[in-house]
Amino acid sequence: MESLSPAIGQKAILRYTTTYSYHDLFLSSVRLRTVRNPNRVSRRLRIRVQAKSGAFENSAAGGGCIDFSDPNWKLKYQREFEARFNIPHITDVFPDAVEYPSTFCLKMRTPVSEEFAEGYPSDEKWHGYINNNDRVLLKVINYSSPTSAGAECIDPNCSWVEQWVHRAGPREKIYFKPEEVKAAIVTCGGLCPGLNDVIRHIVITLEIYGVKKIVGIPFGYRGFSEKDLAEMPLSRKVVQNIHLSGGSLLGVSRGGPKVSDIVDSIQERGINMLFVLGGNGTHAGANAIHDECRKRRMKVAVVGVPKTIDNDIMLMDKTFGFDTAVEEAQRAINSAYIEAHSAYHGIGIVKLMGRSSGFIAMQASLASGQIDICLIPEVPFNLHGPHGVLRHLKYLLETKGSAVVCAAEGAGQDFLEKTNAKDASGNAVLGDIGVYLQQEIKKYFKEMGETSDVKYIDPTYMIRACRANASDGILCTVLGQNAVHGAFAGYSGITVGICNTHYVYFPIPEVISKPRVVDPNSRMWHRCLTSTGQPDFL
């Protein structure tokens with residue numbers, strides 16, 4: 001891998017892949033989410049036919065398959081799953097790595113000093129540690145049929161198979177001496193509410209362990225290579241109140257230098273714990289850094305904290321910043337509603353974040369109760385024709401006098417001219433669906449000789465710059481703490497997330513295989529449709 005750009009660009013490539021891992025095979029009756037793909041229905045049918053024939057392909061197992069005629073298929077599946085979700089550990093490379101009693105104990109706050117160089121004070125009776133064998137159940141609903149709404153089935157009979165992932169938290173034994181640790185934090189990608197909250201609690205937790213050398217890498221991965229960007233010393237005093245502001249204390253940027261150059265910089269700086277805050281692309285870069293450190297036999301723990309306002313990271317209940325985005329979007333939606341409701345034949349359009357997944361648009365629409373039409377990337381729609389969006393808008397103006405449309409930024413990209421341009425992270429530069437809708441709506445009603453007053457609101461950057469709300473503040477706090485616990489426990493190449501309300505560690509490759517998307521057959525999307533009252537626009 002020559003640079004981080006290919007690693008970061010993986011999410012754009014993997015988004016269109018047509019072979020999936022075992023876990024993906026049971027998503028919505030083995031649903032495939034290639035965005036705006038006209039062959040979506042036929043491809044789904046092919047997979048179902050394949051299921052009835054007794055086997056599913058599995059790209060994650062090197063092209064293997066699940067043979068459901070084998071009476072032991074469940075056991076084999078669970079073994080494969082356990083192997084895939086096994087999280088990398090320092091002892092994989094350094095089998096003789098020394099473990100020490102943990103310096104994290106909330107019953108005893110004696111500062112760590114040189115006198116404890118060979119053994120750290122620890123209250124062995126404190127029962128606040130996590131056992132390495134603790135697991136959290138990945139899926140909790142036992143679907144009885146593939147036709148159940150939102151069904152996630154492994155086999156055509158929807159058999160129940162337990163899938164367990166590693167529980168996050170402090171361990172009784174640690175693999176780094178705090179006085180020998182130099183920890184670095186880097187924030188990549190775009191801004192997101194909660195970045196400062198996570199930075200703050202990583203620093204605070206590191207200090208509780210006894211770490212004295214903590215630095216921030218400025219402006220994303222770029223900070224590892226730019227000579228004029230000096231690392232920022234961090235301490236509790238420095239980060240004490242940063243959570244009261246939005247943005248990132250360290251700054252953000254997209255893209256970055258070669259992976260080998262980053263690891264060279266890590267080696268030169270003496271960093272042995274790296275905490276990476278970012279989305280799918282950033283995590284792909286973090287995994288590449290982890291692999292390179294292993295190849296060089298460097299004792300470095302690389303831990304990710306998933307940051308994506310779109311909530312599009314696989315396997316997790318939600319990512320930080322999402323709740324704040326949904327809450328802040330209410331202001332824009334309410335403004336659009338007032339503008340539309342106050343005008344003669346008024347129509348309000350609000351564009352929200354969501355390149356490949358429409359979680360923000362869906363939940364913001366559901367929360368507001370003021371949206372008449374919600375458009376997301378996962379659900380195709382027609383603008384024109386008897387069942388199109390424009391015809392429904394005409395109906396809304398005739399029956400209620402106004403209408404409000406909420407669109408995710410990735411919705412309706414088939415209608416827009418493709419530029420093939422990409423940003424520094426390798427993501428395709430999207431056309432502005434909000435502007436396009438505004439123009440088409442005005443044109444439609446003008447050609448019909450009818451009056452319309454169309455207002456368009458794009459609150460994207462106002463939302464990204466907000467400080468985290470209370471819900472995200474709690475999530476960021478726990479994610480930051482557990483990232484540090486994972487690093488001290490000797491894990492690397494992992495990310496921390498929330499799964500079924502419990503905090504867990506995932507191997508990075510499993511969460512970046514492709515973006516998480518809204519299932520059009522899920523109960524949440526059905527609830528949104530019930531709220532808006534919109535028809536299928538096909």
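A Cβ is built for glycine as well, from the same backbone N, Cα and C atoms used for every other residue.
Across the domain 'Phosphofructokinase' (183-485), the model assigns an average pLDDT of 95. Look at TrEMBL and you will find 183-485 tagged as domain 'Phosphofructokinase'.
Marked as ATP binding site by TrEMBL: Gly190, Arg254, Gly255, Gly279, Asn280, Gly281, Thr282. Around the Cβ of Arg254 (ATP binding site), 22 further Cβ atoms fall within 10 Å across all displayed protein chains.
The Mg(2+) binding site annotation in TrEMBL covers Asn280. Taking the Cβ of Asn280 (ATP binding site) as centre and 10 Å as the limit, one finds 30 other Cβ atoms among all the protein chains shown.
Marked as site 'Important for substrate specificity' by TrEMBL: Gly281.
The substrate binding site feature in TrEMBL is assigned to Thr308, Ile309, Asp310, Met353, Gly354, Arg355, Glu409, Tyr461, Met462, Ile463, Arg464. Less than 8 angstroms from the CB of Glu409 (substrate binding site) sit Lys351, Leu352, Met353, Gly354, Arg355, Leu430, Asp432, Ile433, Gly434, Thr460, each of them six or more residues away in the same chain.
The feature active site, proton acceptor is assigned by TrEMBL to Asp310. The Cβ of Asp310 (substrate binding site) lies under 8 Å from the Cβ of Gly279, Phe322, Met353, Gly354, Arg355, Ser356, Ser357, Phe359, Ile360, Pro515, each on the same chain and at least six residues away in sequence.
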Given the binding-site residues Gly190, Arg254, Gly255, Asn280, Gly281, which lie close to Arg464 (substrate binding site), meaning Cα to Cα within 10 A?
Gly190
Fill in the CA-CA distance, Gly281 (ATP binding site) to Thr308 (substrate binding site), as an integer in Å.
10
Of all the binding-site residues given, Gly190, Gly255, Gly279, which residue's CB has the most CB neighbours within 10 A?
Gly279
Thr308 (substrate binding site) to Thr282 (ATP binding site) - Cα separation in whole Å:
10
At the level of the C-alpha atoms, what whole-angstrom distance separates Thr282 (ATP binding site) and Met462 (substrate binding site)?
23
